Structure formats: structure tokens, C-alpha cells
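Peer 1: Take a look at this one; I'll ask things after.
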Amino acid sequence: MRTEYCGQLRLSHVGQQVTLCGWVNRRRDLGSLIFIDMRDREGIVQVFFDPDRADALKLASELRNEFCIQVTGTVRARDAKNVNADMATGEIEVLASSLTIINRADSLPLDANHVNTEEARLKYRYLDLRRPEMAQRLKTRAKITSLVRRFMDDHGFLDIETPMLTKATPEGARDYLVPSRVHKGKFYALPQSPQLFKQLLMMSGFDRYYQIVKCFRDEDLRADRQPEFTQIDVETSFMTAPQVREVMEALVRHLWLEVKGVDLGDFPVMTFAEAERRYGSDKPDLRNPMELVDVADLLKSVEFAVFAGPANDPKGRVAALRVPGGAQLSRKQIDDYGNFVKIYGAKGLAYIKVNERAKGLDGINSPVAKFLTADIVEAILERTGAQDGDMIFFGADNKKVVADALGALRLKLGKDLSLTDEDKWAPLWVIDFPMFEDDGEGGLTAMHHPFTAPRDMTASELKTAPEEAVANAYDMVINGYEVGGGSVRIHNGEMQQTVFGILGINEQEQREKFGFLLDALKYGTPPHAGLAFGLDRLTMLLTGTDNIRDVIAFPKTTAAACLMTEAPSFANQAALTELGIPVVKKAENN
């Protein structure tokens, strides 16, 4: 039906007869002439109808926005004064000789001239996706997946599919369950990841695997999460953690170079402990120049319990955050930031405004200055590198609260005061995570997942001191987003059972949930390691949007609902009966 895409016409097509198919983006009726902007997935081109083609002109008078049409005409160059530099096709136009209205459009529920609500955009997603910016994002996503496949194929990886209907295993979130009609009362689970299957593939001898795969997690959603999402899933045998990181870094550098024309360079590597200490986060945004600086040793003897208490507590921390130019902040702004850090458990926000450093105590403004000597103030200013016009905020509490509160404040100030370089790319690897963390109930939970191997520990050493274990794990972070994470896996049955035991999974439970894995580990399992990237998040970064729903064709809301299809929906009684699922009705209030 078409010979060319609208958005691909250029001066090289001048004089050619073309047939285009697409939609009316805009119509301008000048009486004897009618101009339309015609749109398809590749872009927009101007088409005009003149009196010499009376039939086409007459039919064009009926056109309205979003009519689906076919146009045949001749490409010609625009006069210099009519060139539109803002359009890729702005140097040419199409003189229409014939027009076919394929389908008319009713009054549109989305307004092209105004910002539509996200609810409306999701309800009429098929119209929203016609917008050039949305089409471009999905085209970029398609390009990314194509680049990934070619790169992985070139590096000897095999694309192998794993099951969608599998067994529920604890991986950190709730499973989506699918009832079995054949096995009444039993349920499949949709996979949260292909984790165990890709490990089993390594045990099967396929030493380089990848898959672009759908995963499902029934969890509370955030702006950058969806109940169903897509992973670039990777696993390798006989490769060390640095070797895996090297290949995966090369993949991401390849994507940025091909999609953005940007060479990311070599990624720095930072330990979890260093990231938390310097940035208050295990996914630091290195575009932001501010860092947390420890000052507890300077404050142990001050007559101010808010500082002295944590400074003398082995589990406590006192840290300072220097804000360049922050002395300009008003009292109201400071109070607002004080309320902000309370969200993260902080009790308040002490500060020092540096007006004239050379004047010592007389050159600062601080509600805690009366508790500090001139020498202590000077030592704090020296350590933080403070200059005239800066602000220093303090966090004093247990280590987690200080990291969480000042880490979040750092990000907020970076944005509010334009200190974060939005034009920069800042990737890094974060390694050496704790293997376990407190579950809040006196037990331990796996920081990544229970199949991650510890670094340099035997099973007996791990059993004796699990809190000291460092995971052989690694996360890739770009601009403060965790875009991928992975680890070296446990390939020894004794170690795997030890980890299960530390997590409170008894032997009977181990057999019920992971018997197939424990059996497989008995038969010459190779050392293996892998990683998974979030394709949605990678695409979000590469397309410059901050909403993950913008890069998914048909996303869910933050309530895990599809406004367009009205999913989820009630199942009819016959279907439930066939599945052996009884419906319990709530008793009515009398």
C-alpha cells in the first residue's frame, strides 16, 4: 500500500512519485489549498492539495485529525523561505494527486494541543502511542534489543528460553500464581526471574546463556517499577566476577555508543561500604559532586549529646554534607529540609552557614555553634573543604539513619540547587555487598538472593559468622539508577544448604522448595556467575524520560491495573469451578 515512510522523505526523493500511508496529524484549509501534516511511525511530512487535482482537494476538505489515509503524490523541494528546519522532512513536501480515506476518526479523547493526564493516556494508549515522542521511545527500545542480541551472539552466548509456568520459590517478592486445571488445588508461579533455570543451564553445559525475558513480581509499585517487566538475563560458566563485569560493561558501552553516540569510558569500581560512606547509597549518582564526610572523631568531647552520643557509639555515626553555595538557603528552606530528613528516621538537621571562614566563629551562623569551639569548627570546615557561601548539614544517629537521611538529602539538594550535572553520564560498579542483612525480626535475609556465593569463606566459616560474610556480588549503576545486578553463584551443595539454614529454611523446606536444585548440585556443577539488566530501566535512561511507563507499550498503573483493558477482572463462576477454586463471599452487615 505504501512505497515510502512519511518521515524518511528527503531532497533525494525530489521528483519521485510516492505512496504514503498514515494519519492526519494536522490540517490547514486555505480555501483553494489544503495542507496536512501526515504522520507515520517514522515522522511527519507536509502534503498539500491544489485546485489542479479537484477530486483530491474536495476529499481533503473532509479530513480531520487522526483520519487514517493513503496519499499518492510527487515529492518536490520547498522554496527557501518555506523550509522548516524543525522537521526532518522540512526541505520537501508532497504534492498530492490522489487521496484515499481508509478510516475516519471520531472526536478524540486525547487533546493534541494540551497535556493529557496519564490516566487518559493509559486508557487510550493506542492513541498515545501515535505521538512521535512515544513512537521514538519504542523504536529506541527495539534498537536496544536488536543491539543486545547481536552483541551477545557475537560473544558466543546462546539465546535459550526458560519456562513461564514454574514453581513458587522465595526470591524477595510475592509470586503471581496460576491455578492448574489438571492438578486441582495446585498452582504454578510466574517467574520473578529465570534464576534457577539459568543456573541449571550452566549445570547442563551451556556455558554462555542469555535471554530477553518477561518477569513478574507482585509487589508495591514505584514510578520505576512494573508488575511485569523485561530483563536482559545472562549467565556464564568458568568466568570470574571481574570477567563477567568486563563483558557486561562492554555491552552497555556498546549500547550508549550506538544509541547516544556517547563513549562511557571505563567504569569505576566502588565497594558497598565506600558507596554508603561517601554517598549514603548503594547506587550513588556520581553526577552530584557532594559527599558525606565523617566528623565523629572531632565531636566526641563536645557538650552536645546529639553529636557526642553517636560519635562515641560504635554503631553510631556523625557525618557532614557540604553544600556549595548553600548559605543562600532561607530559614524556611532549611526547616523544609529538616522535615524531609525525618522521613528517613532523622530527628532533625543541624547546620553551619559559612559566611566568612576567616573570621572563625564570628564568620558562621549555626544553632549548634554554642556547643563548638573555634578549633572544632575550623577542623570541620577544613575536612569538608568548606568555603565562604557554603552550607554544612549534619547527620547524627545510627549508621543506617545517617546514610539514608543524608544520602536522600544529597540527591534532593543536587536537584533543587542544580548541582547535579544533568548532561553527564556517570556509570560505576558497586561490589562487595554484605551477604545478609537484618530482617527486623531477629533473623537474617539475603541481600541479593539465596543463591549468591560468599567471597573467600568456607561453609563452616559462613555458618560461624554469617554477619561478616561479603557477597561475591556486583551491581551496575548509572546516574543513580541500578540498571543491572548479579553475582557469582553457589556451586556447592554444602554451601547452598548452609545458606538456606542461615535464612531459617529447614531441611524439609529445602527439599520441598529446592530439591531439584540440591540434586543438580551433586553432579559436577561448574562455577558460574551471571547478571540481569532491567531493559525497561536501560531504555528509560537512553530515551531521557524519568517514567518507566513511557518506554513500555502497554504498562500498568502504580495500582497494577491496565486502564485500557480493565485488567485485572473478575473470572466467571464456570471458569473458577473448572479450576476447582471456591469463591468465599463476605457476609453482609446487618
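Note that Cβ sites are derived from N, Cα and C of the backbone, with glycine treated the same way.
Take a look at what Swiss-Prot says about it:
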type: BINDING; residues: Glu171, Arg217, His448, Arg489; note: L-aspartate binding site
type: BINDING; residues: Arg217, Asp218, Glu219, Gln226, Glu482, Gly534, Leu535, Asp536, Arg537; note: ATP binding site
type: REGION; residues: 195-198; note: region 'Aspartate'
Peer 1: Would you find the one among the binding-site residues Glu219, Glu482 whose Cβ has the most company, meaning other Cβ atoms within 10 Å?
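Peer 2: Of the binding-site residues Glu219, Glu482, the most buried by Cβ count within 10 Å is Glu482.
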Peer 1: How many angstrom lie between the most widely spaced Cα atoms of the ATP binders Arg217, Asp218, Glu219, Gln226, Glu482, Gly534, Leu535, Asp536, Arg537?
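Peer 2: Pairwise Cα check on Arg217, Asp218, Glu219, Gln226, Glu482, Gly534, Leu535, Asp536, Arg537 gives a maximum of 20 Å.
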Peer 1: Could you tell me the mean pLDDT over the region 'Aspartate' (195-198), as a whole number?
Peer 2: 97
Peer 1: Can you see whether DSSP assigns Arg537 (ATP binding site) to helix, strand or coil?
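Peer 2: Where Arg537 (ATP binding site) sits, the three-state DSSP reduction gives helix.
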Peer 1: Can you figure out which of Arg217, His448, Arg489 (the binding-site residues) comes closest in space to Glu482 (ATP binding site), comparing Cα atoms?
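Peer 2: Spatially nearest to Glu482 (ATP binding site) by Cα position is His448.
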Peer 1: If you measure from the Cα of Leu535 (ATP binding site), which of the binding-site residues Arg217, His448, Arg489 is the nearest?
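Peer 2: Going through Arg217, His448, Arg489 one by one, the Cα closest to that of Leu535 (ATP binding site) is Arg217.
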Peer 1: Once the DSSP letters are reduced so that anything not helix or strand counts as coil, what is His448 (L-aspartate binding site)?
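Peer 2: SS state of His448 (L-aspartate binding site) = coil.
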Peer 1: About how far apart, in whole Å, are the alpha carbons (Cα) of Glu219 (ATP binding site) and His448 (L-aspartate binding site)?
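Peer 2: Glu219 (ATP binding site) to His448 (L-aspartate binding site), Cα-Cα distance: 16 Å.
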Peer 1: Taking the binding-site residues one at a time (His448, Arg489, Arg537), which has its Cβ surrounded by the most other Cβ atoms within 10 Å?
Peer 2: Arg489
Peer 1: Between Arg217, Leu535, which of the binding-site residues has its C-beta surrounded by the fewest other C-beta atoms within 10 Å?
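Peer 2: Each of the binding-site residues Arg217, Leu535 was scored; lowest Cβ tally within 10 Å is Arg217.
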